[in-house]
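Below you'll find the structure, written out as structure tokens, and then a few comments.
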Amino acid sequence: MSAAPARAASSGLLTGSGASERRLPWYHLLVTALASIALAAVVLVLLDSFSIGALVVLGYVLHLVVGYSYARAREGRRWAADRLVTLLVLGAFAVAMIPLVSLLWEVVARGLDKLLNPYPGYFFTHDMAGVVGGMASGGISHAIVGTLLVTLGASIISVPIGLLTSIFLVEYATSGPLRVLGRGITFLVDVMTGIPSIVAGLFGLALFITLTGDPGIRIGLMGSVALSVLMIPTVVRSSEEMLRLVPMELREAAFGLGVPKWLTIVKVVLRTSIAGLTTGVTLAVARVIGETAPLLLTVGALPLMNSHLFDGRMQTLPTFINSQYRSGNAVCNSETVTNPITQMQYACSTTINYDRAWAAALTLILIVMILNIAARLVSRFFAPKLGR
Amino acid sequence: MAQAINVEDLNIFYGDFLAVEDVTVTLQPRSVTALIGPSGCGKSTFLRTLNRMHEVIPGAYAQGKVEIEGQDIYAPGVDPVNVRRRVGMVFQKPNPFPTMSIRDNVLAGVKLNNKRLSRSSADELVESSLRGANLWEEVKDRLDKPGMGLSGGQQQRLCIARAIAVKPEVILMDEPCSALDPISTLAIEDLIHEMKQDFTIVIVTHNMQQASRVSDRTGFFTISGTGKPGHLIEIDETEKMFTNPTEKQTEDYISGRFG
Ligand SMILES: Nc1ncnc2c1ncn2[C@@H]1O[C@H](COP(=O)(O)OP(=O)(O)OP(=O)(O)O)[C@@H](O)[C@H]1O
Ligand SMILES: [Mg+2]
């Protein structure tokens with residue numbers, strides 16, 4: 001190892017002809033990695049505390065030393081530093097992936113079975129009417145419809161308000177008193193970003209109680225209003241950034257052709273930034289679609305399908321998960337349970353509530369994923385065309 | 001169709017900063033006027049007041065009179081949108097609309113204004129504008145491809161085609177060739193020569209050969225120091241400006257003894 005710097009120095013020409021300056025093929029590092037893991041395994045067995053987790057961690061730490069020393073001896077100081085930093089970055093990446101992967105794994109492992117049995121789609125097409133105790137039936141059709149409707153309502157309220165606000169901030173609040181007003185709005189939007197979701201729920205509840213005078217009122221629209229309080233600031237902020245990215249030259253090009261300002265905004269600014277705007281709106285939707293607290297307060301819960309956004313309680317996925325999980329283990333006194341409405345008999349399962357909760361969680365993740373994919377397709381479709 | 005522009009006592013501001021002071025000048029119809037002068041003396045600023053593009057910048061405004069066809073474009077009640085339809089502009093950096101095809105870029109002035117055109121008259125307008133900008137032969141087979149896919153020089157000619165497609169009376173050009181190679185530059189200079197049959201053209205340039213090649217009259221702007229307003233020192237026949245200018249400052253600048 002001590003010879004390496006000397007050799008590196010002696011061959012320190014730009015050509016890098018010396019062996020110590022040449023980058024070795026990747027499998028050299030694979031060999032050192034395997035050696036490190038083997039070493040770690042030996043150490044762990046000797047200490048009598050072998051486990052896969054400990055092996056990976058110790059092997060990684062050992063390889064920081066082994067790989068670096070090897071690279072330092074064979075490849076020189078600069079490549080060794082490169083190897084070391086690459087290893088550290090990979091390590092950080094792996095650590096960052098742990099929660100994500102384990103979460104997905106956990107949800108799929110616990111939820112998938114329920115989505116596929118008794119047959120795929122059963123869970124999506126049935127509600128919880130008459131489902132009692134450990135009855136191994138029931139589904140979330142009502143909760144899916146509720147979540148989609150409430151979130152759609154929130155989007156219909158938030159997207160126009162948010163988008164118009166950001167247009168005002170970027171295109172109109174540029175000088176004079178409007179600029180001062182714009183600063184004030186930006187400040188309020190920042191404050192709104194920090195509102196706890198439960199407070200948004202209380203706002204929705206209080207608003208409708210005040211309007212109707214009925215303290216027990218629960219309707220889907222109230223949830224939409226509460227969620228839009230959370231959604232508007234996100235939409236304003238992301239759209240504002242996207243609109244500011246549109247180069248001033250494009251606006252001037254349109255003005256120079258005698259296009260009025262409002263048409264320039266609609267047909268040039270919005271058209272150019274629509275890909276980014278869609279992404280921003282999707283992120284805002286993903287942000288609120290899993291909200292639980294405000295919906296518990298405003299929309300309540302209902303075991304049946306209710307697709308009237310303007311009338312009565314609704315079930316939503318997050319509140320469904322919450323209530324199922326809180327019900328805990330069911331008690332099974334006999335092999336089967338009878339649905340009091342349909343008179344059908346079903347098997348009894350003690351873990352059914354947990355199963356439903358996890359399956360609903362998986363469904364929620366799937367919905368968000370589908371939304372993201374749809375947004376990507378929209379972005380790609382509208383993205384400015386640069387090629388020939 | 002082409003119109004003279006009368007500028008009287010024009011002062012141009014960015015907020016509190018007086019950028020150009022007291023310009024009085026007449027720009028002749030059906031001719032090319034070149035504006036030259038050191039960087040920062042207010043050539044672009046002045047040019048942008050001729051189609052009320054200056055006020056697009058927050059806090060910027062102009063005082064004085066700019067008359068086109070005897071009508072003051074800064075009079076109260078004049079809609080800047082109508083002014084810009086009569087006075088077109090080509091910018092220093094080519095700026096085709098990235099979301100539009102070549103054809104749509106040429107038709108942008110029509111389409112963005114929500115005007116309807118029959119398919120055949122649209123085709124005619126596209127062809128005549130692109131021919132007018134000397135670009136037709138190069139792009140006629142790929143009109144539906146994105147405008148951003150053209151080379152820089154082609155993009156600039158596309159922007160010129162886009163400007164003449166709205167049939168303005170005056171065309172303003174701010175260093176239209178500064179991002180282009182000598183061949184594209186020559187193409188655009190030839191184009192300017194042809195275009196002056198129909199338009200009043202005002203062009204800003206840092207290239208004195210270019211000014212002497214393309215223009216009939218040349219105006220010289222300068223500033224006496226940083227933070228001071230720019231002035232129009234002298235404007236005259238190009239020939240006279242480059243051989244025998246009246247003002248000492250002009251002569252110094254043209255012969256390279258500036259600053
Ligand atoms: N958006 C702006 N806000 C404030 N001041 C500006 C702005 N644009 C230009 N100025 C100032 O106005 C003066 C004239 O600028 P202008 O761009 O008209 O110069 P120019 O003659 O076109 O220079 P160049 O040859 O470098 O393009 C300069 O002092 C400049 O700093
Ligand atoms: Mg300039």
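Placed from the backbone N, Cα and C atoms, the Cβ positions cover glycine too.
No curator has checked TrEMBL annotations; they are predicted automatically.
Now, the feature entries from TrEMBL:
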- A:26-46: transmembrane segment (TRANSMEM)
- A:52-71: transmembrane segment (TRANSMEM)
- A:83-105: transmembrane segment (TRANSMEM)
- A:143-173: transmembrane segment (TRANSMEM)
- A:144-375: domain 'ABC transmembrane type-1' (DOMAIN)
- A:185-211: transmembrane segment (TRANSMEM)
- A:217-236: transmembrane segment (TRANSMEM)
- A:357-378: transmembrane segment (TRANSMEM)
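Counting Cβ pairs under 8 Å to the transmembrane segment (A:143-173), the stretch among A:83-105, A:185-211, A:217-236, A:357-378 with the most such contacts is A:217-236. Tertiary neighbourhood of the transmembrane segment (A:217-236): same-chain residues 146, 149-159, 161-163, 165-166, 169, 189-190, 192-193, 195, 197, 200-201, 203-205, 207-209, 280-281, 283-285, 287-288, 291, 294-295, 297-300, 306, 308-314, 316, selected by CB-CB distance under 8 Å and a gap of 6+ residues from either end.
When Cβ-Cβ distances below 8 Å are used as the criterion, the transmembrane segment (A:357-378) is approached by residues 104, 107-108, 110-115, 123-124, 140, 143-144, 147-148, 274-275, 278-279, 281-282, 285-286, 289-290, 317-318, 320-321, 324-325 of the same chain, each at least six residues removed from its ends.
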